[in-house]
């Protein structure tokens, strides 16, 4: 399968949430989420294995490798850009990965409107856009409001991991996560290597340019 084999699902006024070719499409600037009946996760995947989720999946190298290596885990790749979704979809099919589904849409919208409480075992956020300029920081993925949704969808003792090359972004994300979650790493709550993490296109890119990579890991408290 080539990336271009995945066709755009809607045009103009036909925009609506739908599942097609193992991809859940959530249109941008769309507000009729209640009109879509989300299938159960067992229906979505065809089994009841535990669910893991990657945000900012990019070209899909990391999540396809993880799904291939862990067939008893169900994986969700969330990526808002359709050109990248096509690449993930192509790699998924060419690798014959059966335990991966793709969400083409905003992570915040997907979490808020399409995921029930306490269903995700682990969330991995790989190299989100740092939006470094002060006037653009409102666009950052890590916000206090989104953290409430993260806590809601994680199971008790569920984990969230962030990988980034931007230390300022890292420190802001740690500050936000500390409000609702427990750090798994000792202070300063981040490390520069995480064992058995795998790698991604962005990680290889930034390391090739001599940039440091930072990882932080937090866990949901039981009963919150």
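Numbers run from 1 along the shown chain.
Heads up, the Cβ atoms here are built off N, Cα and C, so glycines get one too.
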- Item | Of 14, 79, 186, residue recorded by Swiss-Prot at the S-adenosyl-L-methionine site of 54, 106, 129 | 79
- Distance from residue 165 (substrate binding site) back to residue 129 (active site), taken between C-alpha atoms, in Å: 10
- Message: For the C-alpha pair, I'd like the distance in angstrom between residue 106 (S-adenosyl-L-methionine binding site) and residue 165 (substrate binding site), rounded off.
- Response: 21
- Message: Which one is it: of the binding-site residues 54, 79, 106, which Cβ has the fewest other Cβ atoms within 10 Å in this structure?
- Response: 106
- Item | Lowest local Cβ density (other Cβ within 10 Å) among recorded positions: 129, 165 | 129
- In whole Å, note down how far the CA of residue 79 (S-adenosyl-L-methionine binding site) lies from the CA of residue 165 (substrate binding site). 19
- Query: Which are the residues of the chain, 54, 79, 106, 129 excluded, whose CB is within 8 A of where the CB atoms of the S-adenosyl-L-methionine site average out, their centroid?
  - Reply: 55, 56, 57, 58, 78, 80, 81, 107, 128, 141
